[in-house]
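Feature annotations, courtesy of Swiss-Prot:
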- 1-29: signal peptide (SIGNAL)
- 77: N-linked glycosylation site (CARBOHYD)
- 103-124: repeat 'LRR 2' (REPEAT)
- 226-247: repeat 'LRR 7' (REPEAT)
- 267: N-linked glycosylation site (CARBOHYD)
- 267: N-linked glycosylation site (CARBOHYD)
- 305: N-linked glycosylation site (CARBOHYD)
- 326-347: repeat 'LRR 10' (REPEAT)
- 351-372: repeat 'LRR 11' (REPEAT)
- 375-396: repeat 'LRR 12' (REPEAT)
- 422: N-linked glycosylation site (CARBOHYD)
- 680: N-linked glycosylation site (CARBOHYD)
- 692: N-linked glycosylation site (CARBOHYD)
- 746: N-linked glycosylation site (CARBOHYD)
- 879-900: repeat 'LRR 29' (REPEAT)
- 936: N-linked glycosylation site (CARBOHYD)
- 970: N-linked glycosylation site (CARBOHYD)
- 1122: N-linked glycosylation site (CARBOHYD)
- 1152: N-linked glycosylation site (CARBOHYD)
């Protein structure tokens, strides 16, 4: 018996070990993929536009991101490639057989213009391609034929496309390989039975963000035995599809958040199989419409380890609400809960481990709520209104098991640590988060009965003013402390004495009110790794402040008033582990010699937005690992030679937005020798690039100085002269040179003619009148040349003859009347832009046959071209896919003139006012053309055009009284039809015969009525509709009811229509995401008055201005997250128009309005909105004031709004204290959203509840630049950023100046009377 036991134990142990190994290998594989995504590689040898992990003929991992590549790089076709990533490159096509010799494992093409995948696109990769990622393209169907033979494909991502249907055979051939299938953010409205038939090893299926309103019970009837993750978030499901989920026996994660589910009970109209019981690890039900959880709500669930109800309007939890399921973790945050039955969780007494009820409206906890709970470990009641009346009885049952307790929040009743300690005897407590203490200081007696197990302590928003000596002597195991959002002025020297060995993170952001960094208390923290004293009043720190912090890795001191960093503050032998320092937004005035010296681990150094005007020699020296150094937004006007010395791995040096009068290569000594050094000195005050002292000749030993700069940005200066030979120190290193937005007059060989590795040259937005014929004599590797927005009238014929690899040329916005013959002699041309010139004909003779053969895009708009001859578009343009000849003077299009361009997919002939389009004008394009623009060409009838593959057809601004029915037959695949600003008097009947129509624009037509039948017959899957600027006199609210899948609607606030109301119009449209509201435009209507001989005609003036109070009264759709108010007739908006918002997120835009200001209380009436982004960039010339949108002091407080993003560049505002809130908000944003420190979110918040996850950090720097490009009209055009930093002193608490002045006056008056 004993031997048998050991055998069984051995087999079990072996099995478990094998499973763990498999799991670890898969986890490591996914981690490896993520590492591959994030790792930075050097530029490719063959093309520096991309990065490669290898430099040989085997290129390894290739990244091409944010650089123009209309076609795949030719180097890929000539090498082995492990991974290829093409992101936002303008790619339009994957050529058949192009990748066949690469042996590729992973292909990612995202953010491009792929409209289809050829059947032979992946020929040769049948046994090598494992991952195919094609999101954010223009695909409309699953490329099943091209995928069919990929035997190893395990990961397929087709998200963010326009796919509408899934066929039975869409994934044929992938049955034995596909494990992950991502179809999120497409246009799928229904799933047919057996849609995923045969995918027996599929593990993850993502259908998020589609238009699914129900799931067919037979969709997963085959069982899909390995499917563990099913993501259905952000659809329009009204119930949980229990019958469809029944066959999925391995399902562990079900995400149906952001739908319109009202109940967990299922459909009452038919019986759900009793055997359908779900066993899940994660059930996501966030942001649905669940209002109540009745008893036995989980009758179709057996086990649910984690259940998420966040954001549902649940107000009451009844008894046995979670019966009969076994649930370990419940997250019910920001629901508006006001009442919980004392026996609501009684069915979970043996299973519940985590209960998070943060952000609700609970005022009390019943003292029997947690009775009999044996395993409850985490309780979070953060940001409620709770007053615990019987604390001892409330927590008595869990005082042995509770590990984490969160009672923080300034609406909760004040927490007395002594009472908390007595009521719980929490000897096992690991994490505690509280606010509003009964006392103003923390002392040793406060933690007397807490155990050494306490590791994480957060006391925020508690109005603390002091920390006493030995305050933590009873909790010696503390690892993390957070005292943010306090007013601590005193920290006694021995406050941290007992936790110096254990504390690894200390955060006191916006929590310390002293003027000097408390160095003495910090000397005990020898194990500290992260220190955050940001967003305070600190103005000084001693040179020994951090000398005892030998393990420090991250130091955040941004948003203070520090004036100087003394030499010796950071020392290499002490701070050998320091990786990142943030001193941005302080008052530093200079950087002295050896300030940052010998810090061997330092990788990032942030010094942006100070007052630095001088940097001394060797200020930055011997920083072997430094990769990023930002000095952006200072006042630097004096940069000493060799200021930067021995920084071999520096990749980015940002000195933009300073006051540099010149730029000298002598600033650098051994900088960037091991990296791809990018130096940004844009937005300075450089007027001349004079002869460099670094090239004054050879030194006494005969050597020369050489720079390692590869990317140099000198744009947005006022450079008018570049001395010959100026770039000589960098000639052999430069690959990118940006000189746009300057005042250059010409280009010469002495400046640009000897840069053998230069591949990107930007000279746009200058005053260039002429180009020397030999300007690029020895600059033979140029790929991209930008000469747009200059004054060129002539191009030398031989200027590009030495250039071998030219691909992209931009001559737009010049004065060119033509281009010389054979200007582009060598092959490889991909894009030519000569728009906005004075061209008289298509410059076909300027491209040799070799150059024209590879051309993909040709931009000819806004010229004087009057005819297109067959010779102009001869057989040379066999690869052309994009042709724009809009805004010219074309008169006629000959028959079949485009027939010699078999790949032409996009053609724009708009705004040729006298153009005559014949029936046969597009002959030859039947199988290729996808987008056609014929706007504003004076059409009165639509020619009979047969383009069966056309998807987008623009006919706006013509004179069409009707649209023939035959058009629908000839363009049966049409998806977007623009008929705006014609003479249509009703919705054309032909729109009913377009089965794939998704976008319909009818704006500006003289349509007078919309009734309940107006859109009957139009494809019910229509997603975008524009019905703005009609001349309506009759309107019915059911006119849009036949379009249930509408996502985007543009309409006018028809104020002249009685009872016109937008929320009522959208009451049944649960899928609306975007709403564009146009201001009513005035128009006249002639009506008959009287009868008989006394009858007379009367003119009525309609379309009067409105503030939208009546038109926006009511509840808006719950998915509505994007609202735009547009039109110069908007002069005022009512402060309550967004009171009906039911989404937690809102992006609001003001576009071309006449608003002078938003109402002061506008953002106080935002419904359920918690996070708002505001965009006022476009044509709001009268707007001068913006009230503070923030109604909460920190992000994501219940019943309050926090601004997440603000875009207002190129606007002129009044910069006074009414706008002073922007500075306060900026600091909060950097504190909570842009912080480098994340431990407070992962430690003090329960699962998946981090503000950083909500907001992200991707646009933190972009926001700062937006404020730099916003000007102060009342301060002579000063940058708003500079005004906020130094001029607008409006008080730390964002007090209004007038209010503060009023208070001061009243106090003075009171004192006078008292005296």
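Glycine is no exception: its Cβ is also placed from the backbone N, Cα and C atoms.
Applying an 8 A CB threshold to same-chain residues 6+ apart, the list for residue 1152 (N-linked glycosylation site) reads 1126, 1127, 1128, 1178, 1179, 1180. For the repeat 'LRR 10' (326-347), the residues of the chain that approach it from at least six positions outside its boundaries are 293, 298, 302-320, 353-363, 365-366, 368-370, 372-373, 1144, 1170, 1196, 1198, 1246-1249, judged by C-beta separation under 8 angstroms. Taken residue by residue, the repeat 'LRR 10' (326-347) breaks down under DSSP into 2 helix, 8 strand, 12 coil. For residue 970 (N-linked glycosylation site), the number of other Cβ atoms no farther than 10 Å from its own Cβ, over all displayed protein chains, is 16.
Here the Cα atom of residue 970 (N-linked glycosylation site) is found 22 Å from that of residue 936 (N-linked glycosylation site). Here the glycosylation sites are 305, 746, 1122, and the one whose Cβ sees the fewest other Cβ atoms within 10 Å is 746. Within the same chain, residues 33, 36, 80-97, 130-141, 143, 145-147, 149-150, 905, 930, 951 sit at least 6 positions outside the repeat 'LRR 2' (103-124) and bring their C-beta atoms closer than 8 Å to a C-beta of that stretch. Note on the repeat 'LRR 11' (351-372): residues 326-340, 342-345, 378-390, 393-395, 397-398, 406, 1196-1199, 1246-1247, 1249 of its chain, located 6 or more positions outside it, place their CB under 8 angstroms from a CB of the stretch.
Sequence-distant contacts of the repeat 'LRR 7' (226-247), counting only residues of its own chain at least 6 positions beyond either end whose CB sits under 8 Å from a CB of the stretch, comprise 179, 184, 200-220, 253-264, 266-267, 272-273, 275-276, 278, 284, 300, 1044-1045, 1070-1071, 1119. Sequence-distant neighbours of residue 936 (N-linked glycosylation site) (same chain, six or more apart, CB under 8 Å from its CB) are 910, 911, 913, 956, 957, 958, listed in sequence order. When the Cα atoms are compared, residue 680 (N-linked glycosylation site) and residue 746 (N-linked glycosylation site) turn out to be 23 Å apart.
For residue 1122 (N-linked glycosylation site), the nearest neighbour among the glycosylation sites 77, 305, 746, judged by Cα separation, is 305. Burial estimate for the glycosylation sites (77, 680): highest at 680, by number of other CB atoms within 10 Å. A Cα-Cα distance of 38 Å separates residue 77 (N-linked glycosylation site) from residue 746 (N-linked glycosylation site). Cα to Cα, residue 305 (N-linked glycosylation site) and residue 746 (N-linked glycosylation site) are separated by 70 Å. Mean predicted confidence for the repeat 'LRR 10' (326-347): the pLDDT average there is 92. Across the repeat 'LRR 29' (879-900), the DSSP tally of helix, strand and coil residues reads 0 helix, 4 strand, 18 coil.
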